Amino acid sequence: MSSAMLSVEQTELINAVIEHAIAGATLDRVYAKAFAGKRLAASDQAVITTHAGGLLRKLNFYTALAGRQLPLTPQDIKPLLAVYFQHQALHSPAVKSLLAPADFAKRLEQVSTDLALVDGCPAWLDELGQRQLGERWPAERAALACEPTRFIRANLLKTNVEKLAKRLAKEGVSTKAVAGAPTALEVLNTASLFRTETYNDGWFEQQDAGSQIVAEALDVKPGMRVVDACAGNGGKTLALAAMMQGKGRLLAMDVEQWKLDNLKKRAKRAQAHNIETRLITSSKTIKRIALTADRVLLDVPCSGLGVLKRHPDTKWGDTESRLPVLAELQQHILTSYSRMLKVDGILVYSTCSIMPNENHLQVQRFLAEKPQFELLDEQTIWPSETGFDGFYWAKIKRVAE
Ligand SMILES: C[S@@+](CC[C@H](N)C(=O)[O-])C[C@H]1O[C@@H](n2cnc3c(N)ncnc32)[C@H](O)[C@@H]1O
């Protein structure tokens with residue numbers, strides 16, 4: 001580990017991020033607030049997100065190292081930063097060491113005997129992971145504690161991966177192709193993506209490579225009638241629109257109008273003109289289009305336990321108690337929204353979770369009750385094997401009415 005010096009301003013911003021995050025604010029909002037009106041260089045932003053994220057991903061580990069306990073109070077942040085800086089060999093005029101080197105080494109040795117703690121895993125999640133994934137869990141637990149890689153998706157409506165990489169290089173963004181995800185580029189440096197002209201021109205979207213693979217699994221073609229029934233802000237909708245080359249009908253639905261409004265803005269920038277949005281207000285919204293779709297994507301609400309690298313704040317406020325409610329909603333969506341599919345049509349059920357009870361077991365339950373559907377293929381995208389976020393998709397065909 002190389003030692004690095006952080007400025008007072010960088011350190012204070014990390015402090016502010018941690019303070020808001022432990023008060024329960026979502027990390028996206030915390031960063032937006034911390035960076036608002038500052039015009040920070042991209043490299044400064046990267047320093048802050050790397051270290052605030054690094055600390056939050058292993059909050060329980062650094063809390064134990066600092067001799068404190070969760071939940072933290074604002075008074076705990078200084079000692080927490082002190083042990084984080086010591087552990088990561090960082091220096092700042094604004095951070096004083098908490099422990100003498102020999103005491104630090106002793107505390108580190110004690111704390112490191114608990115491997116779940118070293119991976120920043122809260123007890124409820126560790127028990128759940130052990131139960132659901134058995135021997136596989138420790139590798140996934142460790143992978144979910146790593147810093148996330150930045151991926152973008154080339155907007156095939158405007159460019160291709162090669163042209164995109166060349167144009168971004170001219171704007172100081174270095175990238176490389178991603179094996180197994182043909183529309184993806186991995187971003188290799190900390191350059192700001194969203195200040196580039198390439199971004200303003202709608203040539204790419206930030207999207208994890210795993211998410212791109214899920215969209216591809218739907219196997220859409222130009223001219224089809226496609227429904228993305230849990231479209232949210234449209235990450236996968238936009239990928240589908242590009243694969244459809246803007247031809248055919250792509251209906252993006254959700255229960256939240258504000259998300260569909262965001263989606264519309266993104267679609268305009270991407271020049272994805274074949275997207276129509278529709279708010280789901282009752283079961284009638286679905287029934288009206290029964291048996292009409294060639295393809296249906298059900299990217300259902302889930303625990304998000306596959307994307308903890310990117311959203312490390314969620315695991316500290318979360319518990320297992322919301323999972324049964326989510327499981328029922330997932331099964332409900334699968335059962336009632338699959339009605340939109342034509343005979344011979346294909347649906348993809350997907351989550352950003354790696355837990356079988358939200359994935360394979362949900363699909364098995366659905367198939368046991370609905371003989372008119374057949375499983376064609378399924379995949380769990382494991383963070384430990386790919387370096388991507390964790391996802392699951394199942395490709396299901398309707399074989400009878
Ligand atoms: C995993 S997110 C979708 C992410 C999105 N597909 C993307 O790739 O960016 C799940 C979405 O389901 C929506 N949702 C929740 N309950 C729903 C329901 N009953 N019917 C349809 N969508 C629902 C949520 O508002 C949320 O936007």
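Every residue, even glycine, has its Cβ placed from backbone N, Cα and C.
Some features that TrEMBL has for this protein:
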DOMAIN    140-401  domain 'SAM-dependent MTase RsmB/NOP-type'
BINDING   ASP254, ASP299  S-adenosyl-L-methionine binding site
ACT_SITE  CYS352  active site, nucleophile
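Within the same chain, residues at least 6 positions away in sequence whose Cβ sits under 8 Å from that of the residue listed as 'active site, nucleophile' are GLY210, SER211, CYS302, GLY304, LEU305, GLY306, VAL307, ASP389, GLY390, PHE391. The least crowded of the binding-site residues ASP254, ASP299, judged by other CB atoms within 10 A of its own CB, is ASP254. For the domain 'SAM-dependent MTase RsmB/NOP-type' (140-401), the model gives a mean pLDDT of 97. In the three-state DSSP assignment, the secondary structure recorded for ASP254 (S-adenosyl-L-methionine binding site) is strand.
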